Amino acid sequence: MERTFVYLKPNAVRRGLVGEIIKRFEQRGIKIVALKLFWMTREQAERLYEMHKGKNFYNELIEFVTGGPVVAMVVEAPRVIEMVRHIIGNTDPLKAGTGTIRGEFALTVTKNLIHASDSKENFEREYKIFFSENEIVDYYLDVQDDI
């Protein structure tokens, strides 16, 4: 089983899309093993997006993601990194496919509703910014028999 880190940005929370987004993951057999609602600190945001420091959109991105509550989660399924990236769509909503979360609901590249780790290495780095190991809950998901 593979895990990945996902968080819903403040505009997803403020627009009432949390349930819709989680539903799309669960309908695909993706298991949530950690979940929390909180305000991201500037320090957390800077650690998460450290690779973008110095880019023209960096400050706007940090201000945006710390400007409202977010929902962070760790999810699990076979090939979950690839599956989640497919479900959420391209970073640019105009390039995101029809039926993807960003394709249907996102407005701009910065305000694209959701972030998901793009590799196992980034998952390992990113989830540790927000979760401790004892916050990951292992349990049996009935749909696992079908995967």
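Cβ coordinates are placed from backbone N, Cα and C, and glycine is handled just like the others.
Listed features, source Swiss-Prot:
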ACT_SITE  HIS115  active site, pros-phosphohistidine intermediate
BINDING   LYS9, PHE57, ARG85, THR91, ARG102, ASN112  ATP binding site
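Positions of the features from Swiss-Prot, shown on the structure.
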| residue | record | Cβ neighbours (10 Å) |
| --- | --- | --- |
| LYS9 | ATP binding site | 24 |
| PHE57 | ATP binding site | 12 |
| ARG85 | ATP binding site | 16 |
| THR91 | ATP binding site | 16 |
| ARG102 | ATP binding site | 22 |
| ASN112 | ATP binding site | 22 |
| HIS115 | active site, pros-phosphohistidine intermediate | 19 |
Problem set entry | DSSP-derived class (H/G/I helix, E/B strand, else coil) of PHE57 (ATP binding site) | coil
Seminar exercise, completed: the residue listed as 'active site, pros-phosphohistidine intermediate' and PHE57 (ATP binding site), compared by Cα position, are separated in whole Å by 16
